[in-house]
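**Student:** Below: one structure in structure tokens.
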Amino acid sequence: MLCRLASAGRIGAKLTAPLGCLVSRQKHTLPDLPYDYGALEPHINAEIMQLHHSKHHATYVNNLNVAEEKYKEALAKGDVTAQVSLQPALKFNGGGHINHTIFWTNLSPNGGGEPKGELMEAIKRDFGSFANFKEKLTAVSVGVQGSGWGWLGYNKEQGRLQIAACANQDPLQGTTGLIPLLGIDVWEHAYYLQYKNVRPDYLKAIWNVINWENVSSRYATSKK
């Protein structure tokens, strides 16, 4: 997927490389959740999870497949204008698919608490304490204007953790270069049915279902 999305952004470069990626691809599919829709209750209710996964994420997947098919046709025709016009759809729907695929695994009915091992050591090194980290990521996520995401990412060049916010469905790595470890969806569809417009209450609750094993695994992989 990243090959396709990255290639799609290099219109001025060789067109044969992205064409190869697109021609050989299989259609994107909606990933299964590793738990039931109601497994994160009472922190995130079943209705939200069902709509979020089966409707919102599914729409990103479907629209990404459509956009990639149109992009493949534009490449075959050498229609650069059409290729450029498809960039927003590729970025938005591709980012939505990437972000949500990470998000589902970042959550667990057995989550919450604090991370252990190397991740915890890195958090203390880069943020002073877990409490400081939690406060900063919560504040950044609350402060997203409109729709977007709060992220914990890994800066591979600097060898440290960083907190960032991304608007809409902009993918963290594709727009900032940070490797995504933990993403918090602050689009209203992620919480409105349960928390109305009180985003801070949703953010307070979501820490109870963060899958630190998954985040730690992502951190270990990102350092390789």
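Note: Cβ is positioned from N, Cα and C throughout, glycine not excepted.
So TrEMBL says this about it:
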DOMAIN    27-108  domain 'Manganese/iron superoxide dismutase N-terminal'
BINDING   His52, His100, Asp185, His189  Mn(2+) binding site
DOMAIN    115-218  domain 'Manganese/iron superoxide dismutase C-terminal'
**Student:** Determine the minimum-neighbour residue: among His52, His100, His189, listed as binding-site residues, which Cβ has the fewest other Cβ atoms within 10 angstroms?
**Tutor:** His189
**Student:** Including all protein chains shown, what's the count of other C-beta atoms within 10 A of the C-beta of Asp185 (Mn(2+) binding site)?
**Tutor:** 25
**Student:** DSSP-wise, what's the residue breakdown of the domain 'Manganese/iron superoxide dismutase N-terminal' (27-108) into helix, strand and coil?
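**Tutor:** Final tally across the stretch: 58 helix, 1 strand, 23 coil.
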